[in-house]
Amino acid sequence: MRGGSRHLSNEEDVSGCEDCIIISGTCSDQSSDPKTVPLTQVLEAVCTVENRGCRTSSQPSKRKASSLISYVQDLTGDGDEDRDGEVGGSSGSGTPVMPQLFCETRIPSKTPAPLSWQANTSASTPWLSPASPYPIIDLTDEDVIPQSISTPSVDWSQDSHQEGMDTTQVDAESRDGGNIEYQVSADKLLLSQSCILAAFYKLVPYRESIYRTLEKARVRAGKACPSSPGESLEDQLKPMLEWAHGGFKPTGIEGLKPNKKQPENKSRRRTTNDPAASESSPPKRLKTNSYGGKDRGEDEESREQMASDVTNNKGNLEDHCLSCGRKDPVSFHPLFEGGLCQSCRDRFLELFYMYDEDGYQSYCTVCCEGRELLLCSNTSCCRCFCVECLEVLVGAGTAEDVKLQEPWSCYMCLPQRCHGVLRRRKDWNMRLQDFFTTDPDLEEFEPPKLYPAIPAAKRRPIRVLSLFDGIATGYLVLKELGIKVEKYIASEVCAESIAVGTVKHEGQIKYVDDIRNITKEHIDEWGPFDLVIGGSPCNDLSCVNPVRKGLFEGTGRLFFEFYRLLNYSCPEEEDDRPFFWMFENVVAMEVGDKRDISRFLECNPVMIDAIKVSAAHRARYFWGNLPGMNRPVMASKNDKLELQDCLEFSRTAKLKKVQTITTKSNSIRQGKNQLFPVVMNGKDDVLWCTELERIFGFPEHYTDVSNMGRGARQKLLGRSWSVPVIRHLFAPLKDHFACE
């Protein structure tokens, strides 16, 4: 089914391709006479800023299939035609050579309904001619792992017309198995216009993408670049960049063409019209990633040897990295018997709690990579497993068997623990907690100062400074615990959040200026404080954001504002009064950012997932000196642990737990098929705002102020803390402060 076409926005232009590609083309001012424009060799690259889980607001790009990116050059000199079929102003033999980009990928659509309508309007969509004279230079790996027949890609040379040569066409398979086509002008996908040059100097994955692409071009061109063992990535890139900027001499463009003597890997270029593709399992059972798209040949050989040794009782799983097969791991695998090497462990810490928009993990549960992922069919499970892990660890042919099963229960749901050499740990839930809280690479800090419990007669009300207060979750929990609050100073810039706190707590909260404008004089005037809490925005820290700026740029820098005011609020050393603090942020952050935060706060975080005390997943890191922060999380009798407990009358839940609820409306839909979680009067329905509030632990209609709509209320809740988790952390404060 062919879909309609549309032009991508600027945001989509940046994320339209997963891999970096090289183009040797020419620069020209299209507004001037082409015959007077000098031909200048340039290096242009198209690359997402972050290879791991590229994601934008317009398309869930995590599921892009392994893209086939090509270089197309006009050698006819006849000029190109625009999207409307009209001949451009440049024609004749003097027409400069213009770069054309072709990218084929598989992207799930969020809106199946419009796709059906677009399918009826695509008859006039221009396509490339089968007899097109434009040579295609494929810069993808020849040894890439072939796609399965259920992950089709499109062969542009078989289904095209000559019109529209100046556009990049992306054929994307929608979630329901249909196809939708996008067209975008190639000059809008160039690095010089769509990417930030500073990213090359700041982001290692960006430089690695450039290096891998240049390395592929160098091998094809037979170019020898001098290198020595131990050279850094920057040192290896320098001569290759000079060669590329010089026009790929001496072979030039011809040297970038693939070797015709090598057989074509047809399984990697299977077309959507291939009858074998139509016989495969439903495409929405599969999920494809760009991360893990690197050559894993050596790792797979190592893992195959490991699996063979363990099967023949010649080796021990705990002596190998379960993800890559290397020996002498530095840590244990939290879910399955086996270890993890340093690089795989860091990847786990960053990506294990990263979820896609359908609620499933973004990467494989075993290796946190995966080119093609298989999703568990259990509605309460968010696990997925990659084809490579199933073939190596469970057994050859397992992946194909799994694709034919519907429903399929993953290896975390099946009662049987052992499947080949993939053996689930008996205590995996405790191991998972330890894995995220005991990092051997983190510094060992001195234990926080302990404050003895104060006799009831000497306790006084608590004084709180709340930074990035949100919707006053801290104040709400303190009141629910019965702790008397003498003053509650809150820094918040969101008008809707301030409205909720002001109305629901009847003016008991004093809202102050932006945190960046608060000085030591203000702290001295408002204080002293007994409790300082806060959680800076996670936009530039979360691995979900492909263009995140990290801890030291963008909103990530606001952490240092918390650190600054925390130091201002700390009592003098000779003052023995109890003083507590807590800082919260997302788990799916880079390991380096986590360690930097711990280094400044001089303590390691604890990881708490709200799934233990509520009906939704919400894993977060908490730093602080609150008493008993690392104690086990236990649900109380009043906690609503299942979705049904949170629903209104006559509404039935389809599942017991829901995935992480974010500020995006589609995060409410569950599972690989994006199902509605509730049934009412025989019809599927989304969660109502009051039900979302119960899931987070808030009272009914807590966010129902100032005529806010459903979307605005969900955004407030999506940025908030889980009330039962904060109650768990604040409960020991009852031994130090007066209670009602």
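Each Cβ is built from the backbone N, Cα and C atoms, and glycine gets one as well.
Listed ranges 320-350, 630-660, 692-722; the one Swiss-Prot annotates as zinc finger is 320-350. Take the S-adenosyl-L-methionine site that Swiss-Prot assigns to ILE471, THR473, ASP514, ILE515, ARG719, TRP721: the candidate from GLU446, GLU492, GLU740 listed for it is GLU492.
Here S-adenosyl-L-methionine is bound by ILE471, THR473, GLU492, ASP514, ILE515, ARG719, TRP721 per the record. The longest Cα to Cα distance in that group is 20 Å.
The distance from the Cα of TRP721 (S-adenosyl-L-methionine binding site) to the Cα of CYS538 (active site) comes to 13 Å. Less than 8 angstroms from the CB of ILE515 (S-adenosyl-L-methionine binding site) sit LEU467, PHE468, SER491, LEU558, GLU561, PHE562, LEU565, each of them six or more residues away in the same chain. Summary: among the binding-site residues (GLU492, ASP514), the fewest other C-beta atoms within 10 A of the C-beta are counted at ASP514. Residue counts for the domain 'ADD' (309-441) under DSSP (helix as H, G, I; strand as E, B; rest coil) come to 40 helix, 22 strand, 71 coil. For the pair THR473 (S-adenosyl-L-methionine binding site) and CYS538 (active site), the C-alpha distance works out to 17 angstrom. ARG719 (S-adenosyl-L-methionine binding site) is 9 Å away from CYS538 (active site) when you measure Cα to Cα.
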